[in-house]
Amino acid sequence: MEPKFPHLLSFILLLFLLNPLSLLTHANSPNQPNTQKSSGIDFLKTLIGTRKGTTSKGISQLKKYLSHLGYMNSKNNTTLTHQIDDFFDDNLELAVKSYQTFFKLAVNGIMDANTVAKMSRPRCGVLNSFDLNRSHELYLRIPTLASHYTFFPGEPKWPPTKRSLTYSFPSGGPTDVSSSILHATQIWASVSPFRFSYTSNYDQADIKISFQYRDHGDGYPFDGPGGILAHAFAPSDGRLHFDGDEIWVDGVTPGAFDMQTVGLHELGHVLGLGHTTDTGAIMYAYIGDGLRKILGQDDINGIKALYQF
């Protein structure tokens, strides 16, 4: 049957084609950001120039921040108590040097302008190839010259019998993110032995995707707008969390983060990939606003190396 309003339908289709970016309705609008919420990393700009031996307000927050990213580990509560004061000690200097090494900055242990600028950028909250149980000495795996990708310590992976993975969102959660996540799963499926399918059974899903806020009970709190955007857990945990305080979109919008890009990154962690030093790869820790990234060759090499296919 011919539609009764062909011109109206054509007009609606034209509007869609002219405006392909779909703002995810559950998140803050990029045109109306929530200016009442402060970022948890605003303290960093006050620390430029601090170094070992310095006592300055905000150093305790820096220690907590680097601890959450795995750069500072403690063997006991006494050491931890000392670590989170406002004194720039040996442990913090080691953590800053490890951070600078991984991101190819000048390795001086000082919170110089370049280091602060790098730390202030939005990023994933997954640790950079450190011991995840936090009970051992700091362990940093620097990639070899031949490759940039890394794996989680111990190289956990999904068992050979698990190549079809289901994913789901909690009941009552946003429904307008499914397209972005679907595309992200399709991209990984095209370069890996995995196949992904949606299930409405959240409790039984292999990959559980949700939006969380601040301290949400998994030991890795979010920090409000900017800073940590999302995090996921190594195989075969399956949890993938987005920071609900961020501005999320499906596409490229200045001041907002592309759900497909960040989802593609976090799914890489779900499959077992760590962060890479290759800035062009999807598994690079820092993810800018207003851009869409795809898989790089380093990402493909990493998943092939991990699962040997």
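Keep in mind that glycine also has a Cβ here, set from the backbone N, Cα and C atoms.
Predicted, not measured: the structure shown is a model, and the values here were computed from it.
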Same-site Zn(2+) 1 binder from HIS183, HIS241, given that TrEMBL records HIS216, ASP218, HIS231: HIS241
Given TrEMBL lists CYS124, HIS265, HIS269, HIS275 for Zn(2+) 2, the same-site residue among MET259, MET283: MET283
Proximal residue to HIS241 (Zn(2+) 1 binding site) among recorded positions ASP206, GLY224, GLU266, HIS269, HIS275 (C-alpha distance): GLU266
Nearest of the binding-site residues (CYS124, HIS231, MET283) to ASP206 (Ca(2+) 2 binding site) - Cα to Cα: HIS231
Confidence summary for the domain 'Peptidase metallopeptidase' (154-309), mean pLDDT rounded: 95
C-beta crowding around HIS275 (Zn(2+) 2 binding site), within 10 angstroms: 26
Zn(2+) 2 site, defined by CYS124, HIS265, HIS269, HIS275, MET283: further same-chain residues with Cβ within 8 Å of the Cβ centre: VAL126, ALA232, GLU266, GLY268, LEU273, GLY274, THR276, ILE282, TYR284, ALA285
Remaining residues near the recorded Zn(2+) 1 site, that is with C-beta within 8 Å of the centroid of the site residues HIS216, ASP218, HIS231, HIS241: GLY125, GLN212, GLY217, TYR220, PRO221, PHE222, ARG239
